[in-house]
């Protein structure tokens, strides 16, 4: 029952990775109940990072913890291989990658070859990152089954829990995480855990939910899921990936810098509106976890 944070990547106003803020955020998360950090995921703006930046995030976070799944996906296969090779210097939990995106009607054999190439170079366990909405390609359970001897786990960012369960039913030993914030409770109770972007600013809520589930207080855990959904609905109105940066400061009390285009920082009036709208939910959350 793992709570996995797809950790955001803090940037300066000039668009450089703020390594000190990244290190501090990683430490806070691990110290406050998060089990693993998913580095260079969607929330970390991984697809918009250079090869060098992806390695910088790994090096920075590794100074704090080795509880890391290192996402290396790219359309440049040479960059992917270089990152996988570089990971040999780090004692981490695993390597992950989304499939090649953009190119339509990609033959299944190309997809299999992509992940096989990573597995052949990787000294670590391999996790597949399935995000059909973003990549345009669904790595179904039947496709994953063909790679079952190569991989350890899978992150399925999908609003359909039954889709995630298909992997677990077909491959019981595969570690399966759902990546939807609205399904954290169901992922913790039905799968191996949840990769939840909201845990960047609500780690205490995720920790409390896990405690409720473990102690059999299911109704209390469901109430926390409802509060997560409220926060999620508000953040989406302003652009969820950008809003997370401001919500970390609001809920946790420290600065994590800015996002970077094409995920642009919010305008000042948007920040004020976001923080104003989140206040009632924040109070509900404080009461629920106290």
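Each Cβ is built from the backbone N, Cα and C atoms, and glycine gets one as well.
Per Swiss-Prot, the features are as follows:
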BINDING   42, 43, 129, 130, 131, 155, 156, 157  substrate binding site
SITE      129  site 'Proton shuttle'
ACT_SITE  155  active site, schiff-base intermediate with substrate
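Sequence features, as recorded in Swiss-Prot, placed on the structure.
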| residue | record | DSSP (3 states) |
| --- | --- | --- |
| 42 | substrate binding site | coil |
| 129 | substrate binding site | strand |
| 155 | substrate binding site | strand |
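For residue 157 (substrate binding site), the same-chain residues that are 6 or more apart in sequence and have a Cβ closer than 8 Å to its Cβ are 42, 129, 130, 131, 132, 133, 134, 178, 179, 180, 195. Max Cα-Cα distance over the annotated substrate binders (42, 43, 129, 130, 131, 155, 156, 157) is 14 Å.
It is 131, among the binding-site residues 129, 131, whose Cβ has the fewest other Cβ atoms within 10 Å in the structure shown. Under 8 Å, Cβ to Cβ, and six or more positions away along its own chain, residue 155 (substrate binding site) finds 4, 38, 41, 96, 127, 128, 129, 130, 131, 177, 178, 179, 195.
Long-range Cβ neighbours of residue 156 (substrate binding site) (same chain, at least 6 residues apart, Cβ-Cβ under 8 Å): 130, 163, 164, 167, 176, 177, 178, 179. Close to the recorded substrate site, the chain also has 6, 41, 98, 134, 179, 195: residues not among 42, 43, 129, 130, 131, 155, 156, 157 whose Cβ is within 8 Å of the site's Cβ mean position.
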